[in-house]
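*Asks:* Sharing a structure here in C-alpha cells format.
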Amino acid sequence: MVSRNRSQVKDHLGSKVLNHPELRNTKATEYMSHEEKYRYNLSRATAMLKLIDEEGMDVNEISKVMSHTVSGFTTPDGNPLAVHQVMFVPTLMNQADDDQVSRWLGDVFNGTIVGTYAQTELSHGTFVRGLRTTATYDPASRTFDLHTPDVSAAKWWPGGLGTTANHAVVMAQLYTDGQPRGIHPFMVAIRDRETHRPLPGITVGEIGPKLGQNTLNNGYLLFDHVKVPRENMLMRNARVNEDGSYTKPSHQKASYGTMVFTRVAIALDTVDALQIAATIAARYSIVRRQGEPRDDGQEPQIIDYQTQQLKVLPHIAACYVLRASTARLWEHHTHVTSEVRGGDTALLPELHATACCLKALVTQDCSEAIEALRLSCGGHGYMTASRLPALYAYATAGATYEGENTVLLLQTARYLVKQAGGSHAPPAAGSAVTYLSRPADDTPFAVGSPAAYVAAVGRVARGRVTEVAAALQADRQTMPEADAWNQSLVQLVAAALAHGRYFVVREFAEVVSQQSSSRAIQQMLQLLFSVYLAHAVSRAEGDFITYGGLTPSDIRLNRRHLLRLLAELRPHMIPLTDAFDLPDRLINSTLGAWDGDVYRRMFEQASHSPLNTDEVPASFHQAMLRSKL
Ligand SMILES: CC(C)(COP(=O)(O)OP(=O)(O)OC[C@H]1O[C@@H](n2cnc3c(N)ncnc32)[C@H](O)[C@@H]1OP(=O)(O)O)[C@@H](O)C(=O)NCCC(=O)NCCSC(=O)CCCCCCCCCCCCCCC(=O)O
Ligand SMILES: Cc1cc2nc3c(=O)[nH]c(=O)nc-3n(C[C@H](O)[C@H](O)[C@H](O)COP(=O)(O)OP(=O)(O)OC[C@H]3O[C@@H](n4cnc5c(N)ncnc54)[C@H](O)[C@@H]3O)c2cc1C
C-alpha cells in the first residue's frame, strides 16, 4: 500500500470513521457505569480495528490513525486496544525474529491474539533493571519458568491487561546457567483463546479508576511458575539456545526499543490534544462576551482582553511549532530504526536522548497549556462537556507513562554531559548536539529577529549543559558518582529541557525557511514563530539573562514585543485553529463547535443528566427525607 503522509491519513480515516456504521453514532458516556463505559469503548475500539484491517494499513499508518484526534472520538474514555496496537504489535514486529513473526502475526491480525506490554511492576516502573519478575531457563524441558516472587513484583498498569488481552509481552529478568542476563521480552499466553479464562498459574485483573483514560483497561498480573516454551522469548536481538547458552544483543538496550518508539508517538500525539484544546478555547474566547459595554454598546469579546490573549494565543503558536518538530522526530525515528534493523546502532544513543527529551518537553508543555486553556474558559471550562478536563487528563498521563518525565530528562542530560565532556563517541553529521563542541553563537540579541532569538535559545542550552557538566565533573573528584549526580539533578533536568527547546526552535526555523509555496503562509509561520520565541523568553527570563546574553533592558523590550505580537496574531486566531481541520464531532465540546452556539449546547447537555429525568428524583425521598434533615 502506498504510504500516506500524516494529514492524508487523518483526512482519509477521519471521514471513514465519522461515516462508519458502527462508529458514527456516539453516546454520552459521562453517566455510564465503569463496566458500561468499558463495553462501549471496547466495541468501538474493535470496530476501529476491523476498519484498519479492511483498509490494509501498515504498522506505521496504524500508529498515525491512533492519533488522539481520531481515537478521542472512537474511544473517548481510553482505548482498551491502544497498548495492543501501539506497543504489543510493534514489539513483535521489531523484537521477534522472522520465524516468530510468521508464527504469531497471522493470529494477531485476525484478532485471535490480543496483547499488551507488561513491564511495570507495583514496586518498579522507572528503574527497569530492578524489575523482579523472573524467567528462568530449564534446558531439560526447554522452557522458561515465569514467576512473580511476591506481590510487590506483580505487573501493574499494562493497558488492556485488565480484561481485554489474552497475551502479553512480559519484560522479565532472564536467568540462564544460573546467571542473570538482564531484562528480556517474552510472549506469554495469559487467557484461554476460547473461554478468555486466566490460564493455570496466572492471576490477572483490572487495577481500578484513575484521573482519566478509565477504559485503557490497565491491569495487574502475577505468575506462579508458569512454563513458557523457549521459542517464546523474542529473539531478534538476544538469544537463548536449546542448551541454555546465551547470545547477547548487538546493543545492550535493544530490548528497550519499543519504549523509544512509543515516546516518539506520544510526543507527536500529545500535540493533537493541544490542537483540540486550543481550538475550543479560541472559539469560546470569540463567542464569550463579558464586561463593561464598549462604544458599540456590546460587552467585549473576552479575547480582546490582553490577559486572555496571553492565555490563549501562545499555545496556538506552540501547536504549530511542536507539531513540526515532533513530525521531524517521527521521520528521524523511522530512519534510525531501519539502520538498527540492519545492525548499525550508531545513531541509537542520540535518538534515545532526543526521544526522551521531546516526550518530556511536549507532554509538560501541552499539559500546562491545556490547563491554561481550560482556565481561560472560566467556569464552563470546568465542565466535562467542554472536553477540556479529559484533554488535560490525557496529556498529563503522558508526563508519567512511557518514562516519568524527570527520569527521561535525566537520560537526555546523561547524554549531553557526556557529549560536553567529550567522553561519548563524537556526534554524527547533522547531530542535534554539535553546538556543544562549537564556540557559542554570538549573534547579538535583537527584539524582532527570530534568528537572534534562536541563537539566544542555543546559548541558554549550551550554557546550561556546560555549567552542569563542569559542576558534575568537580563533584566527582570529591564524592561518589551517585552523590555527585544527585547533587546536580535539578540543574541536569533544566539543561535537558533547554536542549529540547533548542531542538524544537531549530527544527521550526528550518521548516519556516523551507516553506516556499506562498509568501502569505511564510509570513504567518514567521509570526507564529516570533510569538513562540518571545513567549519562551518570557517564561525563562532568568535563564536568558544568565546564559542567553540578554540584558534586563532586552527582557523589558521582549515583554512589550510579545504583547504586540499577540495583538497582531489575534485577528488570525480563528483561521489558524480552523486550519487544524477538526470537524465538530471530533472536537466534541459544548464550547468549541464551529458555529459558536455555546449556550444552547450547554443546556442540551444538561438535559442528559439523570437527575433531571424526574422533577423530584427518587434519591431525594430515599436519602434526605429519611435522614430528617
Ligand atoms: C532508561 C531508564 C530510565 C534507565 O535504564 P538503565 O538503568 O537500564 O540504564 P542507565 O541509565 O544505566 O543507562 C545505560 C545506558 O543505556 C542507554 N539507554 C537507556 N535506555 C535506552 C534506550 N531505550 N535506547 C537506547 N539506549 C538506552 C543510556 O543512555 C545509557 O547509555 P550510556 O551508558 O552510553 O550513557 C530505564 O530504566 C527506563 O526506560 N525507564 C522508564 C520506564 C518506562 O518507560 N516504562 C514504560 C512502560 S510502558 C508504558 O508506560 C506504556 C504507556 C502507554 C500508554 C498508551 C499509549 C497511547 C499513546 C497513543 C499514541 C498514539 C500514537 C499516534 C501517533 C500520532 O499521533 O501520529
Ligand atoms: C495511564 C498509564 C498507563 C500505563 N500503561 C502502562 C503499560 O501499558 N505498560 C507498562 O508496563 N506500564 C504502564 N504504565 C506505567 C508507567 O510506565 C510508569 O508508571 C512510569 O514509567 C513511571 O514509573 P513509576 O510509576 O515507577 O514512577 P516512579 O519512578 O516511582 O516516580 C515517582 C517519583 O520518583 C522520581 N524518581 C524515580 N526515579 C528517579 C531517579 N532515578 N532520579 C530522579 N527522580 C526519580 C520521579 O521523578 C517521580 O517524581 C502506565 C502508567 C499510566 C499512568
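For all residues, glycine too, the Cβ spot is worked out from N, Cα and C.
This is the feature table in TrEMBL:
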- 8-113: domain 'Acyl-coenzyme A oxidase N-terminal' (DOMAIN)
- T120, G159: FAD binding site (BINDING)
- 256-417: domain 'Acyl-CoA oxidase C-alpha1' (DOMAIN)
- E402: active site, proton acceptor (ACT_SITE)
- 450-624: domain 'Acyl-CoA oxidase C-terminal' (DOMAIN)
*Asks:* What counts of helix, strand and coil residues does DSSP assign across the domain 'Acyl-coenzyme A oxidase N-terminal' (8-113)?
*Replies:* 74 helix, 0 strand, 32 coil
*Asks:* Who sits close to G159 (FAD binding site): which same-chain residues at least 6 apart have their Cβ under 8 Å from its Cβ?
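*Replies:* Residues satisfying the criterion: G78, P80, A82, V83, M87, T116, Y117, L216, N217, N218.
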*Asks:* Under 8 Å between C-beta atoms and at least six apart in sequence, can you list the same-chain neighbours of the residue listed as 'active site, proton acceptor', or say none if there are none?
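*Replies:* Spatial neighbours, sequence-distant, of the residue listed as 'active site, proton acceptor': M259, T262, R263, I266, K359.
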*Asks:* Provide the number of Cβ atoms within 10 Å of the Cβ of T120 (FAD binding site), excluding the reference atom itself.
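*Replies:* Other Cβ atoms found within 10 Å: 19.
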*Asks:* DSSP on G159 (FAD binding site), three-state: which is it?
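*Replies:* Note: G159 (FAD binding site) is coil by DSSP, not helix or strand.
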